[in-house]
Amino acid sequence: MIRFEDVSVTYDGATEPTVRAVDFEVPEGELVLLAGPSGVGKSTVLGAVGGLVPHFTGGTLRGRVTVAGRDTRTHKPRELADVVGTVGQDPLSHFVTDTVEDELAYGMESLGLPPDVMRRRVEETLDLLGLSDLRSRPIATLSGGQQQRVAIGSVLTPHPDVLVLDEPTSALDPAAAEEVLAVLQRLVHDLGTTVLMAEHRLERVIQYADQVVLLPAPGEAPLIGAPAEVMAVSPVYPPVVGLGRLAGWSPLPLTIRNARRRAAPLRERLAGREIPDHTPPPSAPLPAPPAPRPVTSRWRRRGKRPENPSAPTPYAAEVRSLAVRRDRVQALRHVDLTVSPGETVALMGRNGAGKSTLLSALVGLVEPSAGSVRAGDAVPHRTAPRDLVRRVGLVPQEPRDLLYADTVAAECAAADRDADAAPGTCRALLSELLPGITDDIHPRDLSEGQRLTLALSVVLTARPPLLLLDEPTRGLDYAAKARLAGILRGLAAEGHAIVLATHDVELAAELAHRVVLLAEGEVIADGPAADVVVASPSYAPQVAKVLAPRKWLTVAQVREALT
């Protein structure tokens with residue numbers, strides 16, 4: 001169904017091909033996983049299937065890509081639209097209508113399908129992806145994960161023969177990700193749909209793959225094979241495979257079920273051994289930054305008096321009885337949360353639970369409808385942005401919101417100036433997080449993971465006492481996640497408070513002191529990470545599921561205990 005024949009792609013201005021010697025075939029009715037570190041060209045390979053590369057992106061494609069017998073060099077994307085449905089890393093770039101139901105119908109309207117067929121397929125897709133309650137909602141009011149489900153649904157309704165998905169579960173909570181992957185598996189098995197998918201969170205998808213195409217490094221030829229065979233030599237692999245490598249299991253397990261069947265000897269070796277703690281207790285607070293200049297004029301006009309911004313507080317962040325309403329949606333209600341200096345807190349919960357709204361309240365982007373919010377000694381929504389930036393930094397779900405320069409070098413230089421940091425500080429952070437990003441590249445030409453890493457570096461340059469991160473591992477491979485965790489752990493040890501909203505249960509297990517679970521805008525659990533995640537089948541990391549009932553969370557803990 002999809003055939004790559006010795007394909008190389010070189011973008012305009014590049015001296016070397018982004019991908020080279022790509023040669024593989026995806027048979028009809030198979031799900032093939034495209035894996036590899038960040039920046040190796042996975043999105044380029046996916047883009048070539050639908051003709052976006054090179055017709056839209058520019059550059060030179062050598063070799064041949066055919067889809068259902070159509071050569072993508074001679075067929076433009078619109079001439080492949082009846083065969084190929086594509087969902088990229090950025091769902092927002094797909095939307096052309098305002099509401100969920102209209103978006104699901106748009107692709108079918110473009111293909112001229114009869115109204116009765118369109119109505120039936122919209123209803124089917126709403127049910128399949130759990131979108132029925134959102135059918136009339138404006139897309140702009142949805143959470144990132146809800147938008148991702150709508151984007152996937154919009155390419156399912158036309159019933160294409162080929163689905164091309166670039167990190168389709170990156171913004172989904174664990175339960176929603178399982179639902180989407182189950183739908184894809186049903187399409188593959190029952191309808192013969194062909195799926196080519198790139199995904200960094202291999203722990204979610206590896207068990208569904210018929211084959212894996214591994215891009216080991218930029219410009220290197222891919223390795224193709226059965227999932228277990230490729231994972232045995234892959235530089236990127238899920239925790240269950242890492243545990244199997246450590247224990248010497250062969251063949252390597254790809255599922256929790258298979259790993260548990262073979263874990264009894266490992267449990268016996270670990271019996272009585274202390275579980276290492278990789279999240280030391282919070283440290284002493286940082287010195288207080290200069291007092292902010294509050295924005296008070298509009299409050300005085302209303303006869304209100306602003307709260308004293310200099311009132312002492314032992315917390316880096318303090319939320320009391322917080323309620324936030326966004327349009328017609330009650331996003332948060334009765335939320336109480338405190339974060340101490342040096343503490344790392346993971347906000348978790350279903351898509352639309354209110355995690356991003358809570359971060360927005362902490363950085364002053366939304367105003368409480370009830371209750372109070374403090375970031376250190378500042379009231380965020382009443383503090384001038386130039387003062388607030390030195391107290392709290394936010395890396396949003398869409399990193400492009402922070403990037404405006406024409407090159408990586410200019411972006412880093414601006415970050416150094418804005419933070420009064422030594423020249424080269426941002427660049428050094430970027431190189432530590434993700435080596436190999438050149439100074440002269442435009443931020444828009446980076447992969448999603450590379451863009452996120454650049455935005456992280458820009459915010460971390462100011463070293464704010466309170467650091468907020470919204471889905472910080474979206475688009476990052478395991479090595480980049482490990483480097484990010486190391487940097488965040490170092491910041492916490494210096495007294496920085498960190499609050500991250502994430503669906504990445506492995507990151508929460510590795511990094512967080514506490515996990516706060518949100519549901520429908522309310523806090524339903526708040527406690528030590530090991531207690532909260534292990535108690536939940538949805539949020540327990542892979543190692544915890546394999547080695548239960550003891551609270552082992554990461555492969556690193558097991559490795560340290562065995563040495």
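Backbone N, Cα and C atoms are what each Cβ position is placed from, and that goes for glycine too.
For GLY36, PRO37, SER38, GLY39, VAL40, GLY41, LYS42, SER43, the entry in Swiss-Prot reads ATP 1 binding site, with the evidence type sequence analysis. For VAL40 (ATP 1 binding site), the number of other Cβ atoms no farther than 10 Å from its own Cβ, over all displayed protein chains, is 26.
Annotation note: LYS355 (ATP 2 binding site) sits in a helical segment as assigned by DSSP. Residues near LYS355 (ATP 2 binding site) in space but far in sequence (CB under 8 A, at least 6 apart, same chain), listed by position: SER143, LEU347, MET348, GLY349, ASP470, ALA501, LEU518. Residues annotated as ATP 2 binding site in Swiss-Prot: GLY349, ARG350, ASN351, GLY352, ALA353, GLY354, LYS355, SER356.
Positions annotated as compositional bias 'Pro residues' by Swiss-Prot: 278-293.
For 2-243, the entry in Swiss-Prot reads domain 'ABC transporter 1', with the evidence type sequence analysis.
Here Swiss-Prot flags 317-545 as domain 'ABC transporter 2', drawing on sequence analysis.
Taken from Swiss-Prot, the feature region 'Disordered' covers 271-317.
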**Message:** For a quick check of packing: other C-beta atoms within 10 Å of the C-beta of GLY349 (ATP 2 binding site), how many?
**Reply:** 25
**Other CB atoms within 10 A, centred on GLY39 (ATP 1 binding site)** = 23
**Asked** What is the total of other Cβ atoms whose distance to the Cβ of GLY352 (ATP 2 binding site) is within 10 Å?
**Response** 25
**Fill in**
Within 8 Å of the Cβ centroid of GLY36, PRO37, SER38, GLY39, VAL40, GLY41, LYS42, SER43, the other same-chain residues by Cβ around the recorded ATP 1 site are LEU215, PRO218, SER447, GLY449, ASP477
**Complete:** Comparing local Cβ density (other Cβ atoms within 10 Å) for the binding-site residues GLY36, PRO37, GLY354 points to GLY354
**Message:** Can you give me the residues near the recorded ATP 2 site, meaning same chain, not GLY349, ARG350, ASN351, GLY352, ALA353, GLY354, LYS355, SER356 themselves, Cβ no more than 8 Å from the center of the site's Cβ atoms?
**Reply:** SER143, GLY145, ASP173, ALA501, LEU518
**Asked** Taking every protein chain shown into account, which of the binding-site residues LYS42, ARG350 has the largest tally of Cβ atoms within 10 Å of its Cβ?
**Response** LYS42
